[in-house]
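As recorded in TrEMBL:
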DOMAIN    10-178  domain 'Amino acid permease/ SLC12A'
DOMAIN    299-423  domain 'Amino acid permease/ SLC12A'
TRANSMEM  6-28  transmembrane segment
TRANSMEM  40-66  transmembrane segment
TRANSMEM  86-114  transmembrane segment
TRANSMEM  135-152  transmembrane segment
TRANSMEM  158-178  transmembrane segment
TRANSMEM  298-318  transmembrane segment
TRANSMEM  338-364  transmembrane segment
TRANSMEM  376-395  transmembrane segment
Amino acid sequence: VPQMGTFVGVYLPCMQNILGVILFLRLTWIVGTAGILESFAIVSMCCICTLLTAISMSAIATNGMVPAGGSYYMISRSLGPEFGGAVGLCFYLGTTFAGSLYILGTIEILLTYIVPTATIFKDNNGEATPNNMRVYGTCCLLLMALVVFVGVKYVNKLALVFLSCVVLSIMAIYAGAIKTLIELPEFSVCLLGNRSLKNELFESCAKMEVLNNNSVTTDLWNFFCESEYGNATCDEFFTLNNLTEIPAIPGLLSGVIKDNLWSNYGSAGMVIEKNNLHSESPQIPSTDRDQYFVFNDITTYFTLLVGIYFPSVTGIMAGSNRSGDLRDAQRSIPVGTILAILTTSFLYISFVLLFGACIEGVVLRDKFGVSVKKNPVIGVLAWPSPLVIVIGSFFSCCGAGLQSLTGAPRLLQAIAHDGIIPFLQV
């Protein structure tokens, strides 16, 4: 007999799917690139879209019995089996690919922030290649499939553990934002002129430092100059511009929100620069030392960011997909889904505002956190430690991946059971 209620059966799975990989890995970058105002537009547009969908789904769910098959069953019984089969297959594929999104998010967190030394494949420059994601992602998929194969009961037990990690992470972000009113985090960004530098490579943001009453050159000097001596030939951009160290998290009272209101779109390979700082440009631009600066990895524009953000709000069907396990599907699906959408919409909108009001623009636009000692940007803001975010986001992606792998096969099974598509009869 189905035993799940609204909270465990609908609200938690929806929350887990919506608060996933995009929030922890990409939302800060979206806010930095699109600016606060356009980020509001992106989040509002996507949340209104899913809310309208959920209201329509609720109207169908409260209109009759909802057995196993969830959204597919509701569409096929309202609009006819042809519509249901076509939409159901698309939805099955969408849920399956969402699973791959979450698994790739899990592996990105693992290889970028938890165990960066675990890379198997490297290119000529020593950088990790996408084959690492493929190998580790396949292993992760097999492990998750094993958990799903054991049973939905265990997925639900794990879901509560994973969601509690996500809730702790979210509380850590709010706590970190409030703490900036009292004391700023110790993370800082090193700028050469107005360009952001990868500070995982060096400790001191200076050209020279005093050691035993003697002026000696720093690691940064060695990166940009041909030798460690003060009279060495250096990169012209390095010679013309000064180094400045600014806080990565200026805090809520700093007024950084004014700089982050507007968009900063750029082309791939463009150096990330602080807008209100000036730098002297060399007469002959050099590309020899470019690997020490932080770059845009892709060309950005508004519709691209909408496409990147949208998968984070598409987890609204996670509850309705489990309609066969719900005690009272007619009541649970509308209440749980709409509550989950309202809760997560509030969280996303508040995070857009907090990130824009607390974090320096050059850090927001740094997708992988290389300008803040290779920490996730959202983790730099969190209190007490970036580790809270790393662990929370890792478990969040695992949980959302499990939810997708649980929902998709049930959907396919419901389509096959109706016998609409002959080759699925097997």
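Along the chain as shown, residues are numbered 1 onward.
Every residue, even glycine, has its Cβ placed from backbone N, Cα and C.
Predicted automatically and left uncurated, TrEMBL annotations should be read as such.
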Among 6-28, 40-66, 135-152, 298-318, 338-364, stretch most in contact with the transmembrane segment (376-395) (C-beta, under 8 angstroms):
6-28
Recorded stretch, among 6-28, 40-66, 135-152, 298-318, 338-364, maximising Cβ pairs under 8 Å relative to the transmembrane segment (158-178):
6-28
Please identify the stretch among 40-66, 135-152, 298-318, 338-364 with the greatest number of Cβ pairs below 8 Å relative to the transmembrane segment (6-28).
298-318
Could you break down the residues of the domain 'Amino acid permease/ SLC12A' (299-423) into DSSP helix, strand and coil, giving a count for each?
99 helix, 1 strand, 25 coil
Contacting positions for the transmembrane segment (40-66) when only residues 6+ beyond its ends and CB under 8 Å are counted:
30, 34, 73-75, 77-78, 302, 305-306, 309-310, 312-314, 316-317, 320, 323, 326, 329-331, 333-334, 337-338, 341-342, 344-345, 348-349, 352
